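S.K.: I am attaching a structure below and will ask some questions about it afterwards.
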Amino acid sequence: MTQDPNARAEIEPTEVGANAAETGERQLRQPDADHDVTNDHELLPEDLDFATLVEHGHTASELDPDAPAVLTVDNLKMYFPVRSSGLVRRTIGHVQAVDGISFEVPKGGSLGLVGESGCGKSTTGRLITRLYKPTGGSMMFEGNDLAKLSNKEMKPLRRDVQMIFQDPYTSLNPRHTVGTIVGAPLEVHKIVPKDKVLPRVQELLEIVGLNPEHYNRYPNEFSGGQRQRIGIARALTLNPKVLVADEPVSALDVSIQAQVVNLLQDIQSEFDVAFLFIAHDLAIVRHFCPEIAVMYLGKIVEIGDRETIYGKPHHPYTQALLSAVPDVKQAAVGGRRERIRLEGDVPSPINPPSGCRFRTRCQFAQEICAKVEPPLLQIGKRHKVACHFAGELGAHPATPVTTQLLGVDDQGSPVPGATPTNTQLTIPGYEKTWYDLTTKQTTGA
Amino acid sequence: MSAETAGPETLGSLSSEPEQQDPNSQKAKEISGKSPLRIALGRLSRDKIAVVCAIVVLFFIICAVFAGTISKLFGVSLETGLASQYVDGLNNGLPKPTMGPPNGPFTWEHPMGVAPRTGEDNLAYWLHGCRISLMIATVATVVASIVGVIVGLLAGFLGGTVDKVLSFFIDMFLTIPFLLAALTLAPILNDRFALSDNYATIQKFSLICVLAMFGWMGTARLIRGEVLALREREFVQAARVMGMPTSRVLFKELLPNLAAPIIISVSLMLPSFVALEAGLAFLGIGVTDGVSWGQTILKAATPTYFREYPQYLWQPLLGIVALVLSLNLLGDAVRDALDPKTRR
């Protein structure tokens, strides 16, 4: 394998960009124990080993629709109390950071969580790793409800739910060597005897692409990308089943982002780890996550597979979010795309708007949006949206699509005698049947 | 970084076969990193003032530790025979001319002269005073630092009610005037243990208690503030995600990061306790039954002696000033060395 990074750049068509959705069959084989990497290029294409595959670039992750859910989050809520100042600190309100979100993370798959700052993405990640105790809801993981466990009961499960942090400069203890940092989970959980910690640490450093001899260096001697690799190695130490990646690349240089995202993909396919990938970079989420949930002000407004969310988003917020992404192709042909500008700021999560939370900034908002909260309605095989006027960009319906389901008229007032026909329950996964927006009927596959 | 290390960093290659590496091999030692404390130590050794101060402090430490040996070397001891052999009772109790200054020439028998009236050897008393002074200051510093660090760690990390209660105690102890409390405590303790056999030991012990009791709050506040800032850093959250028990987070994750503030507070507490010990001895509420620089100063601070025999006062005074000054300057240098932002 060549050691010259410049020579490698030519043969590695790394595509982190949004357009890397082409499919590629990946065959993974464990390298033999006495495997000589320098002979890789003479092997037949069928016999691709991992290192060669890495050289051939990373394609976007594929969705496995039948994968069972490893983590099921149902109606998760996190309210932070707001206390009055003064001697008696009464609770005068709650920051509704996460307000009833439901999703599933498939086994070995990845769910992307996007949204603007302060919408509750990171809080969700911290709830799943139980850095906070949720106010309500459930998080089912292997038959255990993570939301209800005490810290003591949680400890054995922490081996399976790990986290990669955003800032590689603060997530590593500056006073510990890399070996201590990566080996700490082994010591805490007493998995391997003390003399076996070092080989395991070196193995992990090798996996994340660091020199295993660097175990006795301090974090300040590494670059940002290398530090993030150390953080990934630490998260991998316990062989977790779920990894919460809280903006793992947003603090990194763009060229390093590609490396780290590729590394995460390698890890995912190698160890079958499920990812909850929190990010605000839509291109990286598109590359990494076959399934994406869009959050706004503590709620999921749209969730679906990659093609639906990026191809035909139905929620005005998703459309606005996507239109804000600069497009290189547009710049090349000189055309200018219509940008949807969102007016104003995100409303305060202490006192969110009534009805639909996005209505204060939504160009389609009508009276019904203030009166009735739109349910997260499944409108496609793998597509849910929470909007009264759900529709593709430029084709939003003039009348609310949810009136029949909710038993209200177009202004959102309850119709006397009408019974809500909504049979959909808000479940974390997808149902076999869905509500078709054009026919306004429940249809199936 | 060499070309060798550039490979894995840019490649992100995966392999389940790690290279076995002996941690004690020459190669491993070569690439082993420097801890922040070692970097600070290297900087400290290049600081001339720090080196001079360290030598002075080392001199006092050697004097204190080997006080008995050095006294023997000079052939002096704390024991005094008949005072009239040494001092001239008719001349205000000043030493006889054969005993060296102020009335006679320098003599090796008593290199620093003898005390007026009692005829005690000044060198032996100076050395043993140094020992008492440093011992009390060191023990009090250690006790106060441990209490301060633990209180600060708990208050900062646990927060909430624990923080409120502990902070209340910190504030409460800060409001108590130190001298008043010491002056009140001394007669109580004297009264209680006056007839005890080991009165001198108890006196030192109670002095350490008084010093430590009123010295831990500064450290506690400093540490609490530092912990409040560190607590929100992501490595603490990472430790909690991996299920690390709180005690391990406190002592293995946070404490190493608090080395700098702890060293600084110790290096500033030590000289202040040396000065306080002497001050209390001078006021007659410190070590009264024994040897102390403060006691010597108390005896020497009379107009007659200062006029006729100023060396008697200067000797302990110089000891205190030199020790406190060099400890303070050393503490300053340590703080500069530990702070990565200072460049000199």
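Each residue, glycine too, has its Cβ placed from N, Cα and C.
Curation plays no part in TrEMBL annotations; they are all automatic predictions.
So TrEMBL lists the following for this protein:
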REGION    B:1-31  region 'Disordered'
COMPBIAS  B:12-26  compositional bias 'Polar residues'
TRANSMEM  B:49-70  transmembrane segment
DOMAIN    B:130-331  domain 'ABC transmembrane type-1'
TRANSMEM  B:132-158  transmembrane segment
TRANSMEM  B:165-185  transmembrane segment
TRANSMEM  B:205-223  transmembrane segment
TRANSMEM  B:258-285  transmembrane segment
TRANSMEM  B:312-334  transmembrane segment
S.K.: For the transmembrane segment (B:132-158), name the stretch out of B:49-70, B:205-223, B:258-285, B:312-334 with the most CB-CB pairs under 8 Å.
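M.R.: Per the Cβ count, the answer is B:205-223.
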S.K.: In terms of Cβ proximity under 8 Å, which residues at least six beyond the ends of the transmembrane segment (B:205-223) contact it?
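M.R.: Residues packing against the transmembrane segment (B:205-223) from afar: 136-137, 139-141, 143-145, 147-149, 151-153, 155-156, 166, 170, 173-174, 176, 178, 181-182, 185, 189, 193, 258, 261-262, 265, 269, 272-273, 276-277, 280, 286-287.
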S.K.: Of the stretches B:165-185, B:258-285, B:312-334, which racks up the most C-beta pairs under 8 Å with the transmembrane segment (B:49-70)?
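M.R.: So the stretch in question is B:312-334.
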S.K.: By Cβ distance under 8 Å, which residues at least 6 away from the ends of the transmembrane segment (B:312-334) in the same chain are close to it?
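M.R.: Those are 40, 44, 47, 49-50, 52-54, 56-57, 60, 112-113, 115-116, 122, 126, 129-130, 133-134, 263-264, 267-268, 270-272, 274-275, 278, 293-294, 296-297, 299-301, 305-306, in sequence order.
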S.K.: By Cβ distance under 8 Å, which residues at least 6 away from the ends of the transmembrane segment (B:258-285) in the same chain are close to it?
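M.R.: That would be 37, 40, 132-134, 136-138, 140-141, 144-145, 148-149, 153, 182-183, 185-186, 207, 211, 215, 218-219, 222-223, 226-227, 230, 292-295, 297-298, 301, 316, 320, 323-325, 327-328, 330-331, 334-335, 338-339.
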